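Pulled from Swiss-Prot:
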DOMAIN    9-304  domain 'Protein kinase'
BINDING   ILE15, GLY16, ARG17, GLY18, SER19, PHE20, ALA21, ASN22, VAL23, LYS38  ATP binding site
ACT_SITE  ASP155  active site, proton acceptor
COMPBIAS  360-370  compositional bias 'Acidic residues'
REGION    360-382  region 'Disordered'
COMPBIAS  389-403  compositional bias 'Polar residues'
REGION    389-408  region 'Disordered'
REGION    450-480  region 'Disordered'
COMPBIAS  453-470  compositional bias 'Low complexity'
Amino acid sequence: MPDRKIGDYVVGAEIGRGSFANVYKGYNSKTQVSVAIKSVIKSRLRNKKLIENLEVEISILKNLKHPHVVALLDCEQSKHYFHLLMEYCSLGDLSYFITKREELISNHPLITGVFKKYPSPENSKGLNEVITINFVQQLASALKFLRSQNLVHRDIKPQNLLLSPPVSREVFEDRKYTGLWELPVLKIADFGFARFLPATSMAETLCGSPLYMAPEILRYEKYNAKADLWSVGAVVYEMSVGTPPFPAHNHVELLRNIERQKDKISFPKVAQVPPEIIQLICGLLKQQATERMSFQEFFNDPVITTKLQPCSDEPLLPQNQHIDENLFISEYLPRNSITDKNINNNITNIAKNGVEEALLEEEDEEEDQDQLPSKNDNIQHMEPDSSMLLNKTTQKQTEVQSQPRRELVSEKDYVVVEKRAVEVNALADELEHAGSGALAMQLTNNVGTPYTRRYSSSSRSSSTGSNQRRPSFGDRKVPISISPTNALSKAINIASNRLFKQPSPPKATPVLLEEKDKDKNTERLTSTVFNQNMLNSTTTREITRPLHSLTITSSTSDEEIIQRLSNLTTKAYAIKLLAEIKFSQLAPLPPSNETAVFDNYGDDEGTQSGYNNEPLSPILIKTIGEEGIALYVKTLFLLSKAMNIAMEWWRLNSLSRPASPKLNDLVQWIRGKFNESLEKAEFIKLKLQNAKEQLEESESDTDKTVVAEKLIFDRAIEISRIAVVNELKNDDLVGTELSYATAIWMLEALLEPDDTEESKLDDEDRKMIEKFISSIGNRLSVLRKKIESTSQETRK
């Protein structure tokens, strides 16, 4: 938190929080005038792109003086913060005004008076048409001014439209406000994405909030200032109806919903939207920017030019009643009705285990009691638990899951642009355009392409990423002996016995992952074969223990950074492959190069296409979905951690030396996999929500706790078991080598420490996992000698 005093300003209570800044209520100690203090945390601005956004916002606001644009009063800087002293808007934002209408009517005297005099249509979530027109006219006034300055805002949404209390008629006219003097005053805020963009110019940066984003931006096409008009149409619709025009959980679904409507916008009868407002909205919400209403047509529309008059002379407040304009709007509500302190803000922290909070649902812990004692005498050092993995881990995970969750999708119909996604893409863009070599430029159309673009396309190419390089991985050594502990040994013995009792896999398969999902009377068996391209770089060097934490300094070499990033990305890639199995079960798509690790995918009998189109039951979707989300969460954590290291290195070195093509290559790879994993996690979450809605409450509430660590451990041990069998049979030794490498990296991922929280694994757990890594590593070394010997004999 910033100091209690910043220059002449005293800092008060926090009233909002965003991805890079916190907002506080404050006042000038000399004039007693209230202000909003936007304190940007310097440590979160880890690359030039984010700093540039702040600089642009400050430079724009310094020169913008308009009654319907939030004013920048002053700027201050301290050791840890940039402070923007802004005009204080005590009625919060438009989103809060709409969604909390009923509670505000009951508790806020001014809002009570506004809705008493201008009531919403019965049973409608929207606003009275006079209030809507008032806000639209004020928004149009601000946009007309921005237009005159060649500015495009690029993030118009209800959360960025702030409200101030109404003023007297005289003050209203003196300040040159637009609209109706006795209604709240709307002002545009948050110019972090704004750019100077002449009418003939085109931009192509993906920014803004998806629910209000123009389709040309969603399609990753170039766009101009008319993209703001689409956002205005979406906002006007939400004011009139109470919900966004195209509810969606992600970019893909949003674009699909927009295209499905074919410019035919539906309005609920209960909303009683006037024809002139319907006509305005339909003119703004045209998919093709060329068909969309122009700015001049918008400014001249009857809704904008209509002169509003009070419906009566009755004042909004009785003469003996006044409101304290220093109180923020949420302070009028009872504390138990404020479900989230950050309800006005676009917040989701996709850093480290914050990803987990964003994606996972609360679940009850239930241990798997399936135990089948057996012994395989051929395998002495690989007897892990496959059903009761890490009891302590499960307990810790359950404790975390019992805490309140922030949805990845805030509320039901609002899509959040995650902080981590912004940071990841910002750094990747910066490195890509920082002159780091021809290879970086070549990757622009390959690795850096966000997954949504491919996924939303009706035609999919199998060569999407054919030019992507795999990360390179340094040599490390496996410790030969790490003594086991009792924490996991019993559970591991039980699981290994159960696993080794299972029949051997088919021949000529390097790695076979068996997914057994039972749905009452049905059992589905999905087999997935990893091909030999998976983690090929890990099989060219000795697989060993991970590096110790790397302290980033200005003298840290590219090679040191690349080695650490490669270590993390290999772990992430191994876990992502497992998550892909779950995703493919819920969304079986033709295989592309992104999922080329899956050579065969089908049911027991198999099909010519390799896919089983039989619909899954809701309970099965729920099981697969929860496991898939948990695995993508782990993937995002590892990729996020890798990007944090790259960000810190770039922050210290960007001014003194460029990133090497190799480092840029790796960062672009991380960006691509991060975006893809996030999109797929959102897709699975949507499927999961739909499945839960179809289930009986009793079915939905009696579930096992899904722990990513258990899933990863189970699969790593199963891969190792199958590899051992194949090795003993002298069957497909190259594939077996790949299997051992895969299992090692999956186990390594479990040992990756979390820098912000207490590790989920205690010392005993870690030592036991290290023992298995050592054991598998030893078998891998022996196998490689055997392969080399065979190769030499073949050459003779």
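Cβ coordinates are placed from backbone N, Cα and C, and glycine is handled just like the others.
Distribution of Swiss-Prot features across the structure.
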residue	record	Cβ neighbours (10 Å)
ILE15	ATP binding site	23
ARG17	ATP binding site	16
ALA21	ATP binding site	23
VAL23	ATP binding site	19
ASP155	active site, proton acceptor	23
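Distance from the CA of ASP155 (active site, proton acceptor) to the CA of ALA21 (ATP binding site) is 17 Å.
Annotated pair VAL23 (ATP binding site) and the residue listed as 'active site, proton acceptor', C-alpha to C-alpha distance, rounded: 18 Å. The two recorded residues, ARG17 (ATP binding site) and ASP155 (active site, proton acceptor), have Cα atoms 17 Å apart.
A straight line from the CA of ILE15 (ATP binding site) to the CA of the residue listed as 'active site, proton acceptor' spans 21 Å.
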